[in-house]
Amino acid sequence: MNELLLQGLVNGIILGTIYALIGLSLNVIFGVLRVVNFAHGEFIILGAYGAYFAQKLLGLSPFLAMPLIFLAFAAMGYGLYFVLIKRLAKSDDPEHASLLVMFGVAIALGALMLIFFEADSRSLSYTLDPPFFMFGSVIVPTAKLVALGIIVVITAVLAFFLYRTLPGKALRAIIMNRDAVQIVGVNLERMSALTFGLGLGLAGITGVLVALIFPAFSPFIGQDYTLIGFIVIVLGGLGHPVGAVVGGIIFGLTEQTALVYTSGTTATLLGFLLLIGVILVRPTGLFGREALK
Amino acid sequence: MEGLKLSMEGIEVAYNSDIVVLNDVAVTGRPGEVTGIIGPNGAGKSTVLKTFFGLLRPRKGSITLGDQDITRQKAFQRALEGIAFVPQHRSVFADLSVRDNLLLGCWPFRRDKKRVARAIESVFDEFPVLAERPNAAASSLSGGQQRFLEIARALVIDPKVILLDEPTAMIAPKISKEIYALTRSLADRGATILLVDQNVRSCAEIADRLYILELGRNKAEGTREDFASDDKLREMVSEWMNYKIDA
């Protein structure tokens, strides 16, 4: 196989897992709460800043900061649910209202980050030894390998939670039949708050990973990640956790292998063409039925 | 099974704050009895059950379980109090297995592993058809089997009150017969049953007491004997439901 193509495939899988993580957290939030979290990308960038300031002010390595950022973001999400999301349920059209409200949150968060963190791009300073591994002719930076390992562990833990524990099954049951969950005595409100907390916690961790493997981040790039997240979940199937993982990897592979042969702009365009193709052939996404099961 | 009296008094429920669907409604279910709620389409029968379960919040009136006022309680809290609800529309978790559906039914006491195991074993004894396929996805069951699963899931908490909304709708006659027999048997074992049914004949056959609703209001109520002996009541049912209740 062409060496460059092989390199593109490896990059695609690694970036695809990051995209999968973005889609996974977006999908869990949408599936359970029917909230279109348009501010997801901004929360991701906020997570990156969390790692940056944890390192600068507390001297914490990004790897040690990761669980702390998860907990802080999960607590923020839990609180935000009661302040903001819960009230949306009382509107005439909660899904559209959520899209508009979260779009507002995205703008506000972006502006706040600009005010407090300034417009300059930031990057984490860390050293990993060795800095990269060679697999034949393929070069894989150690940071990307570590990120891949972390994402695999997170996805495995999340899959275990969703498919093997009763609270995880209750969460999936909400996605399958929201009304019926109340019949069995599940506190829908509390479960929804926990889910929003879980989604933002994962966004925070994604932010640390983004800061680890990309050269820099700034308050302006949140919407890029939101957009990727939406492409991934439409590809995989709205509300479907497994679909998000598959959608993320497919999108990552398409984008990175296209980069081998074309420019970055064309690669992005190909990602969108893939999305349009899937919508035309299978409007519910690769794993979707009417919503997630 | 140990039932508890469940009653609503002066209940007013409105959709979108201006469409009143229940107006000064009073319904009571008693331990060991099947209470049938009948009436024409749009009478508010299902709304009564949803309000009893806390899925709809009344604007006026009160709901009591035993001596406890539960008007302000949410649905999940009422489930924890021992009220089980089997809604008209499919409520199984389609992609979860039969066993997982039942395990979710045990949510109120999920940390008591022994009780959970006993509860599941008990409903598997009562519903052998479910015991035969514990790992099958609920969506792979027939309509009748899914209805059994919904009822079994309601029974795992050993409920004090069971609210059944059209349990035989879209179900084959043979299975319907089994569901009515089971409903009667649950009441005979002490449970309080409130049954909403379009099938007046079958409902009247197993009910101890009947309420007739019309346009969201109480129209008539009485024991089965009252309906059988009172010509006015008989005529009312006959006129609306094309069915005569006999003694």
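Heads up, residue numbers simply count up from 1 along the chain you see.
Glycine too: its Cβ is placed from the backbone N, Cα and C atoms.
Just so you know, TrEMBL annotations are computer predictions that nobody has curated.
Quantities reported herein were computed from a predicted structural model and do not represent experimental measurements.
What TrEMBL says about this protein:
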TRANSMEM  A:12-33  transmembrane segment
TRANSMEM  A:40-58  transmembrane segment
TRANSMEM  A:64-85  transmembrane segment
TRANSMEM  A:97-117  transmembrane segment
TRANSMEM  A:132-163  transmembrane segment
TRANSMEM  A:198-221  transmembrane segment
TRANSMEM  A:227-251  transmembrane segment
TRANSMEM  A:258-281  transmembrane segment
Worksheet item: Can you find at least 3 Cβ pairs under 8 Å between the transmembrane segment (A:227-251) and the transmembrane segment (A:12-33), where each pair is 6 or more residues apart in sequence?
Response: yes
Worksheet item: Between the transmembrane segment (A:132-163) and the transmembrane segment (A:198-221), are there at least three Cβ pairs closer than 8 Å, leaving out pairs fewer than 6 positions apart?
Response: yes
Worksheet, complete the sentence: Ranking A:12-33, A:64-85, A:97-117, A:258-281 by Cβ pairs under 8 Å to the transmembrane segment (A:198-221) puts first A:64-85
Response to the item:
Contact set of the transmembrane segment (A:12-33) with the rest of its chain, CB cutoff 8 A exclusive, min separation 6+ beyond the ends, reads 40, 44, 81, 85, 98, 140, 144-145, 147-148, 151-152, 154-155, 158, 171, 174-175, 191-192, 195-196, 198-200, 202-203, 205-206, 209-210, 213, 225, 228-230, 232-233, 236, 238-241, 243-257, 291-292
